[in-house]
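Asks: So that we are looking at the same thing, I have put the structure below in structure tokens.
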């Protein structure tokens, strides 16, 4: 119940939520300082004072940890998984330290011969336990262990105070179990909410038929590239020649199957840092990091893959042609719209010439494109 496995994107989101606890921790820090001062005004006790100062100090460290997380939030969201786990561990250690110090303060107060003060650790324990359930249950092992660190010292202190306090200790035990169940419930609710939101975001950025990126995700991915180091970039724009004939002859279901098969071939033909998107019916765009030689190699590979016959469940395989144009620019100086416009113009020019590939070096009125074997160009497979 205390330790759960989640998909990595969900895990990252839930750890990120730990940065939203500044206000509750600030309230706790002020409360512990006020509680220590109040106890000192009634009975100046060194142990209680030391425990109160320890509570205030650990709470302050926890606040600094949260503020550091908030300040570097963007970096942590894109950080390596090991770094995210380490930061979660820091949250765990600081939270448990706060709870153990509160437990020590509770035991010190119970040792004082003032029954009116004995309500103070109970109030602090239950108040902070409620905050842990509400705010820290996104990491259930942190919230669960922290609640036990809060309640168990109170429970043991009541058990050692005599038989008349055993019933109170039993109630604390019951509420500890109930608190753990509440942690599990809040965590499960938060996890499902994050998963649903991420799924909806994925649907909003993916073409449902092909699984490729859509226009929105293409723009976001290009902007992410443009925010990085200065480097050459290539935009390929292409559509399928004869695709309408496939739809007319075999129906739209066969056309959809063809698009899905060709999208899979695109995915298998590009590197991890190349972006592929479907922006229209049979219109596609790819964004590639590299120079014109790399652009030609990829364009040639895509042309070879997409013009091969496809089995779409008909009596015979179907095949289509390809008209591809590409444009080369320099990030971050060039915009996606400008490169798409250039690549589109070359794509339509080569379509009028009978199909094939056209890059920046081709003449507008060139009637045909001469293909060079990929092996000759030393293109990576």
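A Cβ is built for glycine as well, from the same backbone N, Cα and C atoms used for every other residue.
Just so you know, TrEMBL annotations are computer predictions that nobody has curated.
The shown structure was predicted, so the numbers you read here are calculated from the model rather than taken from an experiment.
What TrEMBL records for 21-41, 47-68, 89-110, 116-134, 141-160, 166-187 is transmembrane segment. Positions annotated as domain 'GGDEF' by TrEMBL: 231-363.
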Asks: Averaged over the domain 'GGDEF' (231-363), what pLDDT does the prediction give?
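Replies: Mean model confidence (pLDDT) across the domain 'GGDEF' (231-363) is 90.
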Asks: What counts of helix, strand and coil residues does DSSP assign across the domain 'GGDEF' (231-363)?
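Replies: Summed over the domain 'GGDEF' (231-363), the classes give 58 helix, 38 strand, 37 coil.
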